[in-house]
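Trainee: According to TrEMBL, the FAD binding site annotation covers B:203, B:228-229, B:242-246, B:259-266, B:280. The domain 'Electron transfer flavoprotein alpha/beta-subunit N-terminal' annotation in TrEMBL covers B:4-182.
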């Protein structure tokens with residue numbers, strides 16, 4: 001089975017994240033890049049499926065040169081090979097454009113199964129797996145906290161606000177995962193060394209058969225018109241508990257008419 | 001005035017509050033039309049009418065609820081011609097419907113929006129609330145997913161025209177079939193993302209049993225219960241109640257954090273709450289940087305006292 005994992009490099013939440021002042025796109029230089037956390041869960045799930053059912057795990061990344069760091073991590077965890085779509089024409093692409101680009105990459109890779117995190121920590125749109133499923137015409141098995149495969153039948157538990165739904169479909173399919181699904185492995189030293197020899201194919205937009213007129217900030221379906229730092233919160237009052245901490249909070253709640 | 005379509009969010013016969021927020025917003029943007037998908041509209045009709053849609057489209061086929069997202073996308077696609085915008089709740093399902101619909105309609109989509117002005121400029125609160133950005137759809141029919149609790153409710157009674165919609169589901173729409181719905185935590189508490197008060201517990205709660213203290217405080221306030229990642233990872237509270245970067249984003253009127261240090265990942269899920277209260281033993285806990293009122297103390301002393309005090313004052 002050919003399993004494709006879509007991986008995104010994102011600005012580290014612990015470092016300053018901002019938009020650029022000129023075109024309101026993400027300032028990737030301002031922050032350290034890390035692999036999006038939920039992508040690690042997607043890689044882990046792909047490796048578990050491969051270990052149970054055989055096949056090959058291919059990592060797809062769209063992003064700048066330094067996204068190779070995230071590719072190396074995925075390969076060190078155990079993915080077999082990677083495809084890196086890197087082209088200045090892609091800068092500022094929105095989710096619709098990204099899903100279009102990924103569709104071309106998935107088509108090239110000949111996947112039976114696409115796995116990705118349910119959202120990224122930077123944009124947090126949570127739409128990409130659904131969009132890709134729509135574009136590919138494959139079933140949407142999103143927000144999975146458990147995946148079971150038997151032959152070409154796939155069953156997942158889809159996380160809901162009240163518990164989970166059981167959802168079934170046939171391969172090929174698009175799966176997105178939530179963090180509850182597994183515990184991503186740490187790359188071993190052996191894995192890190194092996195990753196250096198694994199193939200990474202670097203593609204331009206033209207190489208991937210992507211129409212440059214469909215991607216990039218100038219062709220986006222939406223535009224950020226302005227941005228500003230959120231106003232700082234007024235400094236609140238912090239008191240020590242002298243046996244009456246609960247009463248003091250109740251007084252505060254009463255002053256704000258919550259009780 | 002352009003028609004503004006609003007996807008009604010409902011489950012088990014109950015219409016979610018975000019629906020009324022979306023209808024309120026839609027009325028400020030054009031002529032609001034509610035889109036009801038699935039059986040059971042009759043029981044909800046009066047409640048929906050209170051928020052003033054001019055029209056309600058009803059696609060009543062029970063089968064529409066048996067598949068993930070795609071059937072709702074088909075209904076909205078049928079109705080989209082001529083609409084000025086389509087509003088959906090920025091819930092996990094709502095955003096997925098918005099995403100698929102955007103591909104179908106070749107239209108731009110804006111997610112996790114906290115406000116929309118008359119010219120359809122949407123406000124986002126991004127990077128965990130650190131940055132406010134304004135964005136506009138530049139191609140097609142704007143599809144906008146609006147965060148629950150972001151829009152102030154305003155009722156406006158009306159008597160909407162009801163139009164039945166029939167949908168022939170394609171095989172593609174039936175590709176992901178829901179075979180069972182399992183409810184893990186059924187309570188009388190409000191939905192986490194919709195609640196006006198949220199009480200959350202974290203590492204300091206120390207164990208699953210102790211979450212009763214958090215639940216007791218929540219119940220005294222009619223609040224939802226949330227949990228930090230430390231608490232859900234430890235298995236003390238179910239994952240769907242996690243507030244934070246990899247969990248739910250909440251924006252209630254009041255957020256009470258007990259035994260939560262306030263790591264940046266947690267703050268990303270709650271720092272746009274209107275009023276924030278924290279109880280933590282560690283005076284250096286970063287959560288205190290956000291609070292309107294904080295108590296440095298043992299939550300096992302402070303929280304039960306607070307619960308009792310609220311009971312007395314009711």
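From the backbone N, Cα and C atoms, a Cβ is placed for every residue, glycine too.
Note that TrEMBL annotation is computational and uncurated.
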Trainee: At a 10 Å cut-off from the C-beta of residue B:263 (FAD binding site), count the other C-beta atoms across all protein chains.
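Mentor: Result for residue B:263 (FAD binding site): 20 other Cβ atoms within 10 Å.
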Trainee: So, in DSSP terms, is residue B:203 (FAD binding site) helix, strand, or coil?
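Mentor: Note: residue B:203 (FAD binding site) is helical by DSSP.
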Trainee: Considering only CB atoms and a limit under 8 Å, which binding-site residues from B:203, B:245, B:260, B:266 lie near chain A?
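Mentor: Going by the Cβ criterion (under 8 Å to chain A), the qualifying binding-site residues are B:245.
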Trainee: Counting across all protein chains present, how many other Cβ atoms fall within 10 Å of the Cβ of residue B:203 (FAD binding site)?
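Mentor: Other Cβ atoms found within 10 Å: 18.
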Trainee: Looking at Cβ-Cβ distances, which residues of the chain lie under 8 angstroms from residue B:266 (FAD binding site) while being 6 or more apart from it?
Mentor: B:202, B:228, B:229, B:243, B:244, B:245, B:257, B:260, B:287
Trainee: Fewest other Cβ atoms within 10 Å: which of the binding-site residues B:242, B:245 wins that one? Let me know.
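Mentor: Output over binding-site residues B:242, B:245: least Cβ neighbours within 10 Å is B:245.
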Trainee: What count of other C-beta atoms do you get within 10 angstroms of the C-beta of residue B:260 (FAD binding site), across all chains shown?
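Mentor: Excluding its own Cβ, the number within 10 Å is 32.
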Trainee: So what pLDDT does the domain 'Electron transfer flavoprotein alpha/beta-subunit N-terminal' (B:4-182) average out to?
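Mentor: Mean pLDDT across the domain 'Electron transfer flavoprotein alpha/beta-subunit N-terminal' (B:4-182) comes out at 96.
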